[in-house]
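**Q** Here it is, the structure, as structure tokens.
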Amino acid sequence: MKIINIIKGVGTQLRSLGMVFSHAWRPRETLSYPDESIYSPPRYRGRIVLTRDPDGDERCVACNLCAVACPVGCISLQKAERDDGRWYPEFFRINFSRCIFCGLCEEACPTTAIQLTPDFEMGEYRRQDLVYEKEDLLISGPGKYPDYNFYRMSGMAIDGKPKGDAEHEAKPIDVKSLLP
């Protein structure tokens, strides 16, 4: 009985060593992270940014839909109005220590101003540094939708142009002529 147990023990040890050595020469799955970039899928939800129109103006019209859609309430903003009647956020703040990167704010945004990028390197040593203001979130480009301009598409009156002169807008209909 003792000899059989010794033979079984030696057999299991040899089998374990065989597995270890067979994996020793296989290709590695581990990456040296800072030196080699990590692949992230195209729809990966990472850092949140605020984008600009093709004209260079910020896209956000401070409609507050992103803050309402956020399940953890990490977005806060205050609406203000420019001289030409266009709305903009006086301040726009995201607390990334609370954000769960669900993407509901991006889906709720009618102007595609708020977008999630594949960037995930947002580590900070202090919690206060994870609260990003509008200046930190605003990027110089249009993001995922380079040709979209909310004010041209929406049909809102633009200074110097009457209603119906925007790119994708039909001329106004005279409603009184439709009455019986």
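Numbering starts at 1 and runs along the chain as displayed.
Yeah, the Cβs are placed from backbone N, Cα and C, and that goes for glycine too.
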**Q** Quick one: which of 41-60, 161-180 does Swiss-Prot have down as region 'Disordered'?
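**A** Result: 161-180 is the stretch Swiss-Prot calls region 'Disordered'.
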**Q** By DSSP assignment, list the helix, strand and coil residue numbers for the domain '4Fe-4S ferredoxin-type 1' (48-80), in that order.
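**A** For the domain '4Fe-4S ferredoxin-type 1' (48-80), the helix, strand and coil counts are 5 helix, 11 strand, 17 coil.
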**Q** Round to the nearest Å and give the CA-to-CA distance linking Cys60 ([4Fe-4S] cluster 1 binding site) with Cys99 ([4Fe-4S] cluster 2 binding site).
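**A** One finds 19 Å between the Cα atoms of these residues.
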**Q** Checking the contact step here: among the binding-site residues Cys99, Cys102, Cys105, which have a Cα within 10 Å of the Cα of Cys66 ([4Fe-4S] cluster 1 binding site)?
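**A** Taking Cys99, Cys102, Cys105 one by one, the ones whose Cα falls within 10 Å of Cys66 ([4Fe-4S] cluster 1 binding site) are Cys105.
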**Q** For the C-alpha pair, I'd like the distance in angstrom between Cys102 ([4Fe-4S] cluster 2 binding site) and Cys109 ([4Fe-4S] cluster 1 binding site), rounded off.
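**A** With distance taken Cα to Cα, Cys109 ([4Fe-4S] cluster 1 binding site) is 14 Å from Cys102 ([4Fe-4S] cluster 2 binding site).
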**Q** For the domain '4Fe-4S ferredoxin-type 2' (90-119), give me same-chain residues lying six or more residues beyond its boundaries with a C-beta closer than 8 angstroms to one of its C-beta atoms, as numbers and ranges.
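**A** Distal contacts: 40-42, 44-51, 58-63, 65-80, 127, 130-134, 137, 143-145, 148, 150.
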**Q** Determine, from DSSP, whether Cys105 ([4Fe-4S] cluster 2 binding site) sits in helix, strand or coil.
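**A** Reduced to three states, the DSSP call for Cys105 ([4Fe-4S] cluster 2 binding site) is helix.
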